[in-house]
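Q: This is the feature table in Swiss-Prot:
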type    : residues                                               : note
BINDING : GLY30, ARG31, ASN32, ALA33, GLN34, GLY35, LYS36, THR37 : ATP binding site
Amino acid sequence: MWLEKIDIQHFRNYSEASVSFSPHLNIFLGRNAQGKTNILEAIYFLALTRSHRTHLDKELIQFQQNSLKLNGIVHRHSGNLPLEINLSNKGRVTKVNYLKQAKLSDYIGHMTVVLFAPEDLQLVKGSPSLRRKFIDIDLGQIKPVYLSDLSNYNHVLKQRNAYLKSTDKVDINFLSVLDEQLADFGARVIKHRLEFIKQLEEEADGHHSILSNQIERLKISYESNIPIQNSKDIREAFLTTLNQNHKRDIFKKNTGVGPHRDDLKFYINDMNASFGSQGQQRSLILSLKMAEIALIKKVTEEFPILLLDDVMSELDNHRQLKLLESIDEEVQTFMTTTSLDHLSNLPPNLKTFLVKNGTIYEKQVD
């Protein structure tokens, strides 16, 4: 798939912009704080209805405006598909082929994206919430039912936590009813994640082996606070663990176990990657991004759109070359950079844009 054009109204520092893209490589050039990253963020937001930079919607809407609007035309094997998202203080309104979508899970997945940004380098050593977000974004794009199960799980979790906070005399019978519901949806969430991590590991290990000249093997472990022996017993194990934690949850007034607390661990040659070198960690992240592209292609039968936000400056020449070599010519790629000097072997069928003070100019490469 590829994004033919995007129309932007009141997004970040853009009042209005309309940009048509190459189906291959698109490079946004400009000094810092001119709006390069905002373009990639707009594409990301059009695909996923959320930003990768902030959880505060009001930061996305241009100063002194009340709403934003993004329109895009996506080319898929099945034909052209218009997408639209409106954001205001009333929430999100999404449309596919001009038809309003009842749920975000009905919208997400029509345009798939893989983002590689400098903050992704924190995926190995950062907080568990970053790794859960990584799973949610990738898995949500290729398996809409996951988003539905996750949404239902979070809804019951919110109910359970609210009840624990609301009283000092907890009704164990009522708490057990909530436990049953939480275990139902939570088991589904964990099962989806385990299947996804197994597929991701297979893809990422192959890429990491190539990057390390066949020296290193990559393993990914899903770390749950629920003792999981096999996928058939997840619900019962979750329910048992919730019951065992009743005293703790009542005392702390929150839910201490479940997929909302789970984590990922990465291992290079059986060593925890958080103790690895910076070079090893960068190769690991690069392997994950390559694996994301391959996995989305395998599941959806279409390549995702690749967003590279100022990451070339974070990679040495070897990793730059491996990244560029790994990008199939069918993968539409968007890249931001302050200069083309450090980039070599760029394909001829690219478009280059100059970004200055929230205005985008198409330019010819010398």
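These residue numbers are counts, starting from 1, taken along the chain as shown.
In case you wondered, yes, glycine gets a Cβ from its N, Cα and C as well.
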Q: Ranked by the number of other Cβ atoms within 10 Å of their own Cβ, which of the binding-site residues ASN32, THR37 ranks first?
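A: When each Cβ's neighbours within 10 Å are tallied, THR37 tops the list.
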Q: Starting from the Cβ of GLY30 (ATP binding site), draw a 10 Å sphere and report how many other Cβ atoms land inside it.
A: 22
Q: Restricting to the same chain and to sequence separations of six or more, state which residues have a Cβ under 8 Å from that of LYS36 (ATP binding site).
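A: Non-local contacts for LYS36 (ATP binding site): PHE28, LEU29, GLY30, ASP310, THR336, THR337, VAL355.
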Q: Under 8 Å Cβ-Cβ from ALA33 (ATP binding site), six or more apart in the same chain: what's there?
A: none
Q: What other residues of this chain sit with their CB within 8 A of the center of the CB atoms of GLY30, ARG31, ASN32, ALA33, GLN34, GLY35, LYS36, THR37, the recorded ATP site?
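A: Residues close to the ATP site, other than GLY30, ARG31, ASN32, ALA33, GLN34, GLY35, LYS36, THR37: ASN38, THR336, THR338, VAL355.
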Q: Where does LYS36 (ATP binding site) sit by DSSP, helix, strand or coil?
A: helix
Q: Counting Cβ atoms within 10 Å across all protein chains shown, which of the binding-site residues ARG31, GLY35 comes out on top?
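A: Counting Cβ neighbours within 10 Å, the top one is GLY35.
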Q: Applying a 10 Å Cβ distance cut-off over all chains shown, what neighbour count does GLN34 (ATP binding site) have?
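A: Other Cβ atoms within 10 Å of GLN34 (ATP binding site): 20.
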